[in-house]
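First the structure, in the form of structure tokens, and then the observations on it.
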Amino acid sequence: MSTRKPGVLSALGPLSVAHWASIIIVSGALLLGYIAPAGLTTQQSWSAALVVAALGLMATAVVADYLIALLFFLAAMLFAIAPAEVVFAGFSAGATWLIISGFVIGMAVKSTGLGQRLSGYLMVFASSYTRLTSAVVVLGVGLAFLMPSSMGRIVLLMPIVLLLAERCGLKPGSQGYVGMALAAGFGAHVPSFAVLPANVPNMVLVGVADTVHGLTLGYAEYLWLHFPVLGVLKAVLIIWLIIKMFPAGSLVATQSEIKPLQRTEIYLLGLLLVALGFWLTDSVHQLSPAWVALTVAVILLLPRIGLVSKQQFSEQFNFNTVLFIAAILGIGAVINHSSLGAWFAHLLAPVLPLAPNEPLQNYLSLSLLSMSSGVVAGLPGIPAVLTPVAAEFAQASGLPLKAVLMSQVVGISTFLFPYESGPLLLALSMANVPMRLALKYTLVLAAMSVVLLWPLNYLWWLLLGWL
């Protein structure tokens, strides 16, 4: 009796649900490319196929992040999906260089002991995980009124919060550690959509509204309309969800003797204060936060005057993350280059149930359009795509043009996937938070925002007379 040896595929074991999902997604993407739906050119359909396949692999997490990035770059160039300057746009994007700089600054903050010292000042909130998480989120929201860049806020806050988590006995990779990282990332980023100059999508909305429609959105008007619900209540929801989804139990706070500032700490603190000054005044000098951070990073790496050694950089720098982020930004560039975002918005516009004297229906329709547009255009792409056609939506709904424009903020602050937001990707990379955990949290936060915050925001708008 002969025994049959197992084949290569059987030796790999049975396929999981995630594996089957990825196979279905990639197969569907290939079908999308071949079919070329109405309204899409062949080039656009294959661009869409590549985007769907790449995002599907990221969502299922059956392939390593760096390999997904390399597969995206290879397919895009091999099949001429877009020019090289578009495919590799992520490597020239400020977000990528902010991530690189953030790694270096984080190394210096940790090695000099400055992060340990600054985290010590927050130990007063370490009596409970709830209190500590709340303090981190509130600090992130407060920084939104001082620093106009989400990227800058995260680069400054994340290393301190991660050291604070470790001092409280939360080990890297643990539920509580991930929760603290999400508190820093989401707290410094998401509620700030309600503060006019504190995020890139906000400023894109203001700029395009002024250029296309001649409308000026004021700071106080914007803040009063959005901050009570999309700022304050959103922050409360962020805190509550972190505590529920990433519980930590009791903290083991370790107090250490406060020693005088060392020369290296003073030096690093001085560099960070100078960088903070430039971040606060970026509207004056027009320097991107990325190049300010990169300047600090280069100084920290220089011989003799630097604080990060060659060995430390070689051992601790995570190039896999940089490659992955560059690929995600490249996906966004391909979407923009192929005009898929505009196609998606125009595809949905005719089927939106917009009608005069139906404020709730119009509010939900416009908010859902904004939220869904972010899936294919990214958060900064939402106002870039929807603002030029806002007058058509205003005419169909009977709403004032300004109300239609402001409805974009509801969708922008309710993004579904982490890849839509550059600052969030920066936060996740700095803390090494697995994408599957971030995706789970983002989806739950979005769902609860729609169910709880959108109705409250609608009532607030009614009270103010915007609908």
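Just so you know, the numbers here start at 1 and follow the chain as drawn.
Cβ atoms are placed via backbone N, Cα and C, with glycine included.
These figures come from a predicted structure and were not determined experimentally.
Quick look at what TrEMBL lists:
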type	residues	note
TRANSMEM	17-36	transmembrane segment
TRANSMEM	48-81	transmembrane segment
TRANSMEM	87-109	transmembrane segment
TRANSMEM	177-196	transmembrane segment
TRANSMEM	223-243	transmembrane segment
TRANSMEM	264-281	transmembrane segment
TRANSMEM	287-307	transmembrane segment
TRANSMEM	319-344	transmembrane segment
TRANSMEM	399-419	transmembrane segment
TRANSMEM	439-464	transmembrane segment
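The list of residues near the transmembrane segment (177-196) in space but at least 6 beyond its ends in sequence, with Cβ under 8 angstroms from a Cβ of it, reads 129, 132-133, 136-141, 143-145, 150, 153-154, 157-158, 161-162, 164-166, 170-171, 202-203, 206, 217, 219, 222-223, 226-227, 229-232, 234-235, 238-239, 242-243, 245-248, 409, 412-413, 421, 423-424, 426-428, 430-431, 433, 437-438, 441, 445.
Most Cβ pairs under 8 Å to the transmembrane segment (264-281), among the stretches 48-81, 287-307, 319-344, 399-419, 439-464, belong to 287-307. Contact between the transmembrane segment (287-307) and the transmembrane segment (87-109) holds: at least three of their C-beta pairs are under 8 Å, each pair 6 or more apart in sequence. By the Cβ criterion (under 8 Å, sequence separation of 6 or more), the transmembrane segment (223-243) is in contact with the transmembrane segment (399-419), since 3+ such pairs are found. Within its own chain, the transmembrane segment (319-344) has Cβ neighbours under 8 Å at 39-40, 43-44, 47-48, 50-51, 54-55, 58, 64-66, 68-70, 72-73, 76, 81-83, 86-91, 93, 95-96, 99-100, 372-373, 376-378, 381, 384-385, 419, 422, 425-426, 429, 432, counting only residues six or more beyond its boundaries. Away from its own ends, the transmembrane segment (17-36) comes close to residues 42, 44-46, 48-50, 52-53, 56-57, 59-63 of its chain (Cβ-Cβ under 8 Å, at least six residues beyond either end).
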